[in-house]
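Annotation comment: TrEMBL describes His190, His298 as substrate binding site. Per TrEMBL, divalent metal cation 1 binding site is recorded for Asp210, Asp221, Glu418. Annotated divalent metal cation 2 binding site per TrEMBL: Asp221, His290, Glu323, Glu418, in sequence order. Per TrEMBL, the feature compositional bias 'Basic and acidic residues' maps to 10-20. Taken from TrEMBL, the feature compositional bias 'Acidic residues' applies to 31-42. Per TrEMBL, compositional bias 'Basic residues' is recorded for 52-66. Residues or ranges marked as domain 'Peptidase M24' by TrEMBL: 122-337. Look at TrEMBL and you will find 1-90 tagged as region 'Disordered'.
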Amino acid sequence: MAAQAAPAEELSKLNVEETKPTPAPANGNDSDAESGDEEAEEGAAAPAAGAAKKKKKRKPKKKKKAPTSQSEPPRVLVSQLFPNKQYPKGEEVEYVNDNLNRVTNEEKRHLDNLNQEFLTDYRHAAEVHRQVRQWAQKSIKPGQTLTEIAENIEDSVRALTGHSGLEEGDALVAGMGFPTGLSINHCAAHYTPNAGNKMVLQEDDVMKVDFGVHVNGRIVDSAFTVAFNPRYDPLLEAVKAATNAGIKEAGIDVRVGDIGAAIQEVMESYEVEINGQMLPVKSIRNLNGHTINHYSIHGTKSVPIVKSSDQTKMEEGDVFAIETFGSTGNGYVHEEGEVSHYAKRGDAAKVDLRLSSAKSLLKVIDKNFGTLPFCRRYIDRLGQDKYLLGLNNLVSQGIVEAYPPLVDKKGSYTAQYEHTILLRPTVKEVISRGDDF
């Protein structure tokens, strides 16, 4: 704020007095002159003093405190909640039998320490998944549309990772590891709403919620089941217990067929009463767990959920999704319904595409998803339209894989639980484990 100017008359008087020559005093003193000078100085100081009184002091701006807890719905960056990047560890479980000494083995501990960037990315993604799914479990209610539920989850994941996925290449840095699966009742997997879907979650539905989070291509794959009618509780308990049995059995040098046997034994020890009829809970025998690779949700190894003669061994450094599915139906699924899930094949041969829409869509996929799975809604939000012909052409040419919904017989109910585990050199880490499951 500028100081007030003195009145013109006062300024002219001061100027005249300042320019008059002062005669030298006879005795070396000039009390009259000094008196005049003091009065002039007081007159000049008066306006300045008045101005000083009116000048307001600026209050220092208060620094915003860093958030210490998550919002509802989740919108606070997880990296802000853990500014030193020390994200929570998953559940660490010591190996058993011949691998027991890995915990203290110096060479193995050294190898573990070399993987800090890998672990940081995985733990970051896992914490995002935990915070989003724990909110989702509280917020999902009958009467919501599946589109609303899916977009709430996906918007939260993007907010917590800090990557909206709207700019070219942004979704490849961090965000959704694959689309949110919302598979209801006899549909066990691979269903997410396409544009225009009006399906509404009902009070008596059993819905599998399966979504992935990635940070720098390190994908955390975890799923749970929502049911509002307590009659389905035994079904959910069976599948949750079977998943935990598979996790307990898993480890370095363990044969995947043995894990399947442990899962099936627990799963099929349960039964559920529906409409007065006792129904056995069956493992869905043609659905499996799987390895997870960098930017690829399905690796080369599978983990059956029934007894199997598969002698494939789990190895140090493997990342597995241990997932189990239980059903009151046939315990076997088939493809049925409109496709929503897609992924570019990592081993796709180079094909000379003739359809211009296929060429342009492939560029969009390469720049925004790479080999990460995507759905039609993800293409829509990038502003693409009239792409379905091109997408179908990419599928027919073997460049993109389509994943139709997987369903058991109508009238049956299916449930799913899933966790991601890291077979570290020293311990098994259930990276996605939380207080919820």
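Cβ coordinates are placed from backbone N, Cα and C, and glycine is handled just like the others.
Residues within less than 8 Å, Cβ to Cβ, of His298 (substrate binding site) and separated from it by at least 6 positions along the same chain comprise His290, Thr291, Ile292. Cβ proximity to the divalent metal cation 2 site centre (mean Cβ of Asp221, His290, Glu323, Glu418, cutoff 8 Å) flags the following additional same-chain residues: Asp210, Ser222, Ala223, Gly289, Ile292, Phe320, Ala321, Ile322, His419, Thr420. Annotated divalent metal cation 1 site Asp210, Asp221, Glu418; additional same-chain residues within 8 Å of its Cβ mean position, judged by their own Cβ, are Gly181, Phe211, Gly212, Ser222, Ala223, Ala321, Glu323, Gln416, His419, Thr420. Note on proximity: of the binding-site residues Asp210, Asp221, Glu323, the one nearest His190 (substrate binding site) is Asp210, by Cα distance. For Glu323 (divalent metal cation 2 binding site), the nearest neighbour among the binding-site residues Asp210, Asp221, Glu418, judged by Cα separation, is Glu418. Its Cβ placed at the centre, His290 (divalent metal cation 2 binding site) has 19 other Cβ atoms within 10 Å.
Residues near Glu418 (divalent metal cation 1 binding site) in space but far in sequence (CB under 8 A, at least 6 apart, same chain), listed by position: Asp210, Asp221, Ser222, Ala223, Phe224, Thr243, Gly289, Ala321, Ile322, Glu323, Thr324. The average pLDDT computed for the domain 'Peptidase M24' (122-337) is 98. Summarising the environment of His190 (substrate binding site), the number of other Cβ atoms within 10 Å of its Cβ, over all protein chains shown, is 24.
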